[in-house]
Each structure stands twice: as C-alpha cells, then as structure tokens.
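Take a look at the structure below.
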Amino acid sequence: MVKASATIPPPTYDVEQELIAAGARVVAGLDEVGRGAWAGPVLVCAAITDGSPPPEGLTDSKRLTPRRRTAMAEQVRSWVRGYAFGQASPAEIDRLGMTEALRLAAHRALDALPVRPDAVIVDGKHDYVGAPWTVRTHVKADLTCVSVAAASVLAKVHRDALMAELDAEYPGYGFATGAGYPSPVHRAALAEHGPTPHHRLSWSYLDRLPRWRHLRVVRDSAVDGQLSLLD
C-alpha cells in the first residue's frame, strides 16, 4: 500500500470542467474495484460533485492506508452531491464475462444516482459504460480527477466492507484482509475447501486445483450467457 505523498498534485476539476464546457450539465466520476479478485462482486461507484473544494488529502484509494481511506470515505460521503454503487455478482461475471459485467455494474450505479448525469469520466483507457452517456476515458483519473478520486475511495471502502461480511460467513479464505484477491491464505483455503458460492467459477485458478477443477465453467461466446462445465 502506497501512502499519499505531498509531492503528488491533488486531483482537479479540469476534466469535469471540459465536459461541462462541451455541454454536459451533470458529470459523474466512475471507478471500479474487484476486477481481478477470485471472489466477490465487481463493484462500480458513481460520484457527482458540486464543484466545491474536496476534502483535504483526497486521492486514489490505493494511495491511502486502510485507516485513512475509511476516514476519507466518511468525509467524501458528506461532501459529494450524490453517489451510488452498482455491482455484478460472481455468477453474472461467469455468465457475461468481465467487460459486460462491468457495464452492468456501471449502469446500475448510474441509474441509482439521485441526479442523472449527462457525461461520465471513467478511469483507464477502456469505455465499459457505453450509451446512453457521453463517456470520457482518462488514464489515472482516480488520481487526477476529483469525482473519480471520490468514487475510488467510496468503492474500495464499500467493497471491503462487503468482503468482511463474507469473511464472517466463510472464514479461512482471508476475505476480510484480502478482499477476495489471490493470496497464499486464499489459495490454501481453496485447495482444502474448494470455492464458495461467492467465487468466480469461470476463472483459470480452478485449473490449478485438481480436486475442484470439475467445478470450473466456461462461457460459450456463440450462445450469449450459456455456461457449461469444463470437460
């Protein structure tokens, strides 16, 4: 975990202001978390700000310690104009694939906002949102754009809390500390106990678990949403 540094410029409203100058009335920042996890949902947060100065120290969630991130999330929740979460379950990820699962989660988040945005800023190079919104992709947006930085913090804290709840239900997989991502503890639990109902069964980690490999499913790209067991 990398802490925020005073040498890194704080996020700005530059991209949001460009979109507003181009005609957007409301701009939302989006960030996702959970894309690379073996277990748990992929989650997207959409955040709308009002142009006021952000909480001091706001930055990409990955640059904050867990304690600082939790404190920052409390400040962000009371500061933003609105925010909402959308998620796609492991079963939806298995059925749709990650790109479409991200799109589904993003649309759920945007549809749940109290104010409908005209344009959205997405962290990274790829537009996983699509119509009907105007989408601006921006590399390192979670570090440089105020609304995306806010979404980054809220998304990470919210998903971590969900995974901590799963840890209480399925102890031993390290969900509370590893959030469903690969780790030695997670691998050992999978080898001994197999996947839980919250694991993604279409992912290749199951190929390395001979005892549980029969549970892996594959998605038939020729038949949308069709799953079958791996032979």
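Keep in mind that glycine also has a Cβ here, set from the backbone N, Cα and C atoms.
Among the candidates Asp118, Asp123, Asp127, the residue that Swiss-Prot names alongside Asp31, Glu32 for the divalent metal cation site is Asp123. Sequence-ordered, the extra residues of this chain that approach the divalent metal cation site, with Cβ no more than 8 Å from the Cβ center of Asp31, Glu32, Asp123, are Leu30, Val33, Val44, Cys45, Val122, Gly124, Ala141, Asp142, Val148, Ala151, Ser152, Ala155.
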